[in-house]
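Working notes, beginning with the structure itself.
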Amino acid sequence: MLNQYPAWKYLLIIFIVCVGAVYSLPNLYGSDPALQISATRTTTVDSGTEAQIRSLLDKNKVPYRRTLLDDMGLLIRFSSVEEQLKASDVVRNLLGEDYIVALNLAPASPTWLSSINALPMYLGLDLRGGLHFLMEVDTETVIRQAYERYGNDFRALLRGKKIRYLSIAQQGEVLRLKFRTAELRDQAKNAIRGQTRDLVLTESGTEGAYFVIAKMTEKARMELNKNAVQQNVTTLRNRVNELGVAEPVIQQQGESRIVVQLPGIQDSARAKKILSATATLEFRLVDVDHPVADALDGRTPAGSRLYRERNGNPVLLKKRVIITGDRITHASSGFDNDSGSPMVSVNLDGAGAHSMARATKANLKKPMAVVFIEHKSIVRKIDGKDVVKTRKVEEVINIATIQGVFSNRFQITGLDGVNESQMLALLLRAGALAAPIRIIEERTIGPSLGQDNIDQGTRSVVIGMMFVVVFMGIWYRGFGMVANIALMMNLVLIVAILSLLQATLTLPGIAGIVLTVGMAVDANVLIFERIREELRLGNTPQSSIQAGYEKALSTIADANITTLIAAIVLYVFGTGPIKGFAITLSIGIVTSMFTAIMGTRAIINLIVSGRRIKKLSI
């Protein structure tokens, strides 16, 4: 019989539409601003913590809707973003650094929906509000630091092989090693070549001054820059976790740029300070065998280097570093029990603990210094253009006598106030940046602007649908109304799939939905025009419907497949907003194929199947 589906196909369509309706429902309920409080490795969140926080919020007159304690920690819901931000400051001051306090959005949907994992879509930065940063990695500093490491390695290598050299100096992007004889130069060249293949070695010189000139290969430079950017992305992720941000976006853009998006965060100054800070530490022994006065006169001993304390006093330190900040596994700020001054308590990893134990055991009753290192970016105008120069600032923040052997846990004092101790602890926990970064673009999107974007996006979808519904109803009459029902089904399925995937909805994503609304009826237009053509040829209504769907199918498939290919290309090669647009467009193409071909056919079959029809409302 013409125009009749088997029962299983009707049931399948009904099942898919019903499931889609259920999983799209949470988006109608929206989300509540919330605080998500979770513990670190050294703490737990329990009912006592919950009671303490509730009491504090009541005391500070911060209203909240309700709290929920589960395996993930403590969730506190609020009625507005203002209440959420105020509560965040209060709770952070109470709990300190031993807990992670994250700004979040908690679904306001009923429990029965949450129990089947029906959750609303995430909202992107442009809809929720927050901070957007575009950062650029200082790759020149990466190369300069690499040459400094090569210089230190070559000094150790040549000393180990007893090859005497006159000097090792960095000049631009080359390293010049000076020798007294050609024989020593050749020995050094062979030793260096055996240690690394990342350098191109050339020779030069005359009697008494023979040089090996080392320059990094282009491949090594590119690999070094790539690794530095990737390490910075990882470090920024760790720092954002310390900030307590839910669903952040941190991704590489191009060769040397990083995009950071922090939904829900409005404190731009604090975020910039934490994200772009490059502070780390080095632990060195104080050189007590040579007078500082000689170093001030330019006669610095070969194995030492002159530093300055914060008060400007000179101090001579050994060049050999005991440990660096990357060996620190945990750091927390507090106050010293004896002096009451701010301090940072530090835990080291296995290798760092071993190095520290060995150094302290061999140097009992000798002084050890903590060097605070930071790269500061300075923008200067040269020939009318902004040129960024990075300056490395090194200062001794603490000198203490080694009273006993210690390894994996100790304290750092001598810090300039509580804020610096808290910032240093945070940076040490998150890790040091592989290279300095500077913020070249910054945008702040307020919560109210995000809500305006949501309202405007929703309005555009509704208006677009209204125009399509009116046009289809007028032009195709009864069949047009069937297409309109399929259009509603299509929108429900798009929202349901985005919610199931827990995709992030952005303004370009809404644009993709609006575009899909218009494209969704394309298939029906082709089908209905084909049916009209069959009727004009004198075919019966039943056979015209059958022929219309069959003959239009290949054209519809070709058109949608080519659009889907374009959407996939956008997703693969696009970034951020482009990906959001591509995702919604791709989902919309698939759902519109289902609703336009199977959905409308099922409804029309139910209307015309088994009936003698003389005229179609088309």
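Residue positions begin at 1 at the first shown residue.
Cβ coordinates are placed from backbone N, Cα and C, and glycine is handled just like the others.
All TrEMBL annotations are machine predictions without curation.
Annotated domain 'SecD export protein N-terminal TM' per TrEMBL: 2-103, in sequence order. Look at TrEMBL and you will find 229-287 tagged as domain 'Protein translocase subunit SecDF P1'. As annotated by TrEMBL, domain 'SecDF P1 head subdomain' applies to 307-435. Among the features that TrEMBL reports, domain 'Protein export membrane protein SecD/SecF C-terminal' is placed at 437-604. Annotated transmembrane segment per TrEMBL: 7-25, 457-476, 483-503, 509-531, 552-574, 580-608, in sequence order.
Long-range contacts of the transmembrane segment (552-574) within the same chain: residues 519, 522-523, 526-527, 530, 581-583, 585-586, 589-590, 592-593, 596-597, each at least 6 residues beyond the stretch ends and with a Cβ under 8 Å from a Cβ of the stretch. Counting Cβ pairs under 8 Å that are 6 or more residues apart, the transmembrane segment (509-531) and the transmembrane segment (457-476) reach 3 or more and are in contact. Where the transmembrane segment (483-503) meets the stretches 7-25, 457-476, 580-608, the count of C-beta pairs under 8 angstroms peaks at 580-608. Per-class residue totals from DSSP over the domain 'SecD export protein N-terminal TM' (2-103), listed helix then strand then coil: 53 helix, 24 strand, 25 coil.
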